[in-house]
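Structure, as structure tokens:
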Amino acid sequence: NNLLLPPLPLKTKQTTHPYFWHRDSGQLLATCVYFVLWLPTSSPSWFSALIKCLPIFCLWVFLLAHGINFLVAHRSANRILAGLIFSAVGDAFLIWQEQGYFVHGLLMFAITHILYSSAFGMKPLDLKAGFVMTLVSSFCYTFLYSYLSGPFTYLVAVYIALIGFMGWRAIAGVQLCNDLWTWTKLSACIGAVLFMVSDLTIAVNKFCFPVPYSRAIIMATYYAAQMLIALSAVERRSPSLKVHW
């Protein structure tokens, strides 16, 4: 006798599809404007500060377009928005870094990383990712240490600790091994890693030795990082896409 067996259920995973990426075209356009104009850093001005900050302003609009109620209801979103505000102020300070405003910019971005870390949260903890980020941060500081002097010896150490912590919280949230990842969490993770690449390039270029095409590397990774982190604050409102395995 043939037995009719019921079909095995398909394993499904709820994930967030990145349909909303096209909604951030304003930031992409503003980034293109920055690279097309490529204003000289040797002649800082309010216009060059505006052009540099314009992609970040577009990310403000991107988040604000979801409504004040959305920002109030989602702690991570309002803290990422606050981080973007401090980032724009930091960008403006760094336009005049040769005039003595580098530390001011460093402080603004340190606050940004604290806000982003708070947005990403402490769950899941993922101590393994924390251990790896501690090793990476320690290696970076050890490499930079011999080139640092004066207050930068301590300021850079604190900054690396903060951005390393932010990177840990973003990476921990992905949960690839547990098959619990979403597009927004993956976006935050990649954004945090790109932010670290951007800032490490700044540090090496400023304190150690000239990095070829440093400005292009720094700004491309920075704008991509901020866009991905901003996208991570927005969940898809339509039904989640089901992926069958």
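Just so it is clear, glycine is given a Cβ too, placed from its N, Cα and C backbone atoms.
As annotated by TrEMBL, transmembrane segment applies to 46-65, 77-96, 102-122, 129-148, 154-171, 183-204, 216-234.
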Pairs 6 or more apart in sequence, C-beta under 8 angstroms, 3 or more of them: is that satisfied by the transmembrane segment (154-171) and the transmembrane segment (77-96)? no
So what's near the transmembrane segment (183-204) in sequence-distant terms, Cβ-Cβ under 8 Å and 6+ beyond its ends? 15-18, 109, 116, 120, 140, 144, 156, 159, 163-164, 166-167, 169-171, 173-175, 211, 214, 217-219, 221-222, 224-229, 231-235
Would you say the transmembrane segment (129-148) and the transmembrane segment (102-122) are touching, if the rule is that at least three C-beta pairs must lie under 8 angstroms and be 6 or more residues apart? no
Near the transmembrane segment (129-148), which residues from the same chain, at least 6 beyond its ends, have a CB less than 8 A from one of its CBs? 156-157, 160-161, 163-165, 167-168, 171-172, 200, 203-204, 207-208
